[in-house]
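Undergrad: Please read through the structure below; I'll follow up with questions.
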Amino acid sequence: MNDTIYAPATGAGAAAVAVVRISGARSADIVRGLAGDLPKPRRAVLRQLTRDGVALDDALVLWFQGPASYTGEDAAEFHVHGGRAVVEAVLEALAAEGLRLAEPGEFTRRAFENGKLDLTQAEGVADLIDAETEAQRRQALGQLGGALSQRYEAWRGLLVQALAMLEAAVDFPDEELPEDVAARARPGLEALEAEIGAALVDASRGRRVRDGYRIALVGAPNAGKSTLLNALVERDAAIVTSTPGTTRDIIEVPLTLGGYKTLLADTAGLRKTEDTIEAEGVRRARAWAAGADLRLWVIDAAMFHVKQDDELAVIQRGDWAVINKIDLVDAGRLAELRATFSEQGLKVVELAARKPGGAEPARAALSTHVIDALSGAEFPAATRIRHAESLTEARTYLQRALSDVGLEVELVAEDVRLAARALSRITGRIDPEDVLDRVFSSFCIGK
């Protein structure tokens, strides 16, 4: 991190304002060279940027003296007019001074390496930039603010405290320490194991908020899946024709429901076919549906009359039966279908997707369902697979430590140490020296 880096902080393309940022030891000299002087830290000043005596632009210049900056280093920002030529001129001037174009995420990486952020907070920055819904914004902002870090560090602190006592019993057996320290540590370890278990249950919710709740539209050809998709997203995302088998591949469309991001997928009609391309579409439909959070079995109210094994193979209890084209059947037929699907443990939604406003029953029901599925968690939710993997590892070591209580204290201590390291990997902060600090501060060793 000895070199000074630069990069545009705003998107490409013409805009009213563009921001170019730099970070590194040469930042102050670069600001003086382009702007003529170095402003007071953290104050915006209007300066004309020049290169070799030629004006580049009138800009707002901000100077941040490390470590009081985003990266923890000396840094600066140039707020220039957003025309492409202006931005290119400023970037060329920085490159001519020997600065290096930053790699993707390098400013945030420097912030992490300088202790301004931990890994979960750095991930929160990325998630906040990518946030498309209010729920994603709230979750990312909480993560950036340290909600996950604080929980993981609190858990790790409990483990370090228990480990300090266990290590002391091993390393200083002649000191006046509480008897059977492993047994005394057990209640706290049990409580922590349960908390981590609950967080793991909640981790899938966090990933769904971040990545989107996956909803598959499945059913026979010409049941109205594509029509329903288009009605829900309010545009012609899928081709609709009267020819069965029109949809051959998965059509994924993002849709915000209840303030949460969802991914709605129109899939190939499920049926046996000799057509190689259609058969591949059916295979992909089954695979996508199997990994979906919810499957909507779209049924043609007028045509459905026998058990359709190709469709039922992907349906699970708790999925939905969407009875479509209800405008084509009478009340008796509708009641018969409703009873049939309810008996199979499916939630029934009735609609006529091709009619104006016909998809609203599905939209309203889906919004309620997604809110119920993704809101109201007790914990700040883990958002990435690596979080869940480290939490699972920590929980496994805790369970092993609890099974070792009553055996050698060294075994319990080692498992607790490994559990603490697993939690440390989530935030990127691993410091084995703090175990020794706890030992010497908690006990009067050598008295």
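Please read every residue number as a count from 1 along the shown chain.
A Cβ is built for glycine as well, from the same backbone N, Cα and C atoms used for every other residue.
As annotated in Swiss-Prot:
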- R21, E77, K116, K447: (6S)-5-formyl-5,6,7,8-tetrahydrofolate binding site (BINDING)
- 212-371: domain 'TrmE-type G' (DOMAIN)
- 222-227, 241-247, 266-269: GTP binding site (BINDING)
- S226, T247: Mg(2+) binding site (BINDING)
Undergrad: Which one of these binding-site residues has the most other Cβ atoms within 10 Å of its own Cβ: R21, K116, K225?
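TA: Comparing the binding-site residues R21, K116, K225, the most crowded Cβ belongs to K225.
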Undergrad: Which value does the mean pLDDT take for the domain 'TrmE-type G' (212-371) in this predicted structure?
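TA: A mean pLDDT of 84 is what the predicted model shows over the domain 'TrmE-type G' (212-371).
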Undergrad: Can you figure out which of R21, E77, K116, A268 (the binding-site residues) comes closest in space to S226 (Mg(2+) binding site), comparing Cα atoms?
TA: A268
Undergrad: Would you find the one among the binding-site residues N222, S226 whose Cβ has the most company, meaning other Cβ atoms within 10 Å?
TA: S226
Undergrad: What Cα-Cα separation, expressed in whole Å, is found between E77 ((6S)-5-formyl-5,6,7,8-tetrahydrofolate binding site) and N222 (GTP binding site)?
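TA: N222 (GTP binding site) has its Cα 57 Å from the Cα of E77 ((6S)-5-formyl-5,6,7,8-tetrahydrofolate binding site).
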Undergrad: Round to the nearest Å and give the CA-to-CA distance linking K116 ((6S)-5-formyl-5,6,7,8-tetrahydrofolate binding site) with A268 (GTP binding site).
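TA: The separation of the Cα atoms works out to 49 Å.
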Undergrad: For the binding-site residues listed here (E77, A268), which one has the lowest count of neighbouring CB atoms within 10 Å of its own CB?
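TA: Each of the binding-site residues E77, A268 was scored by Cβ atoms within 10 Å; lowest is E77.
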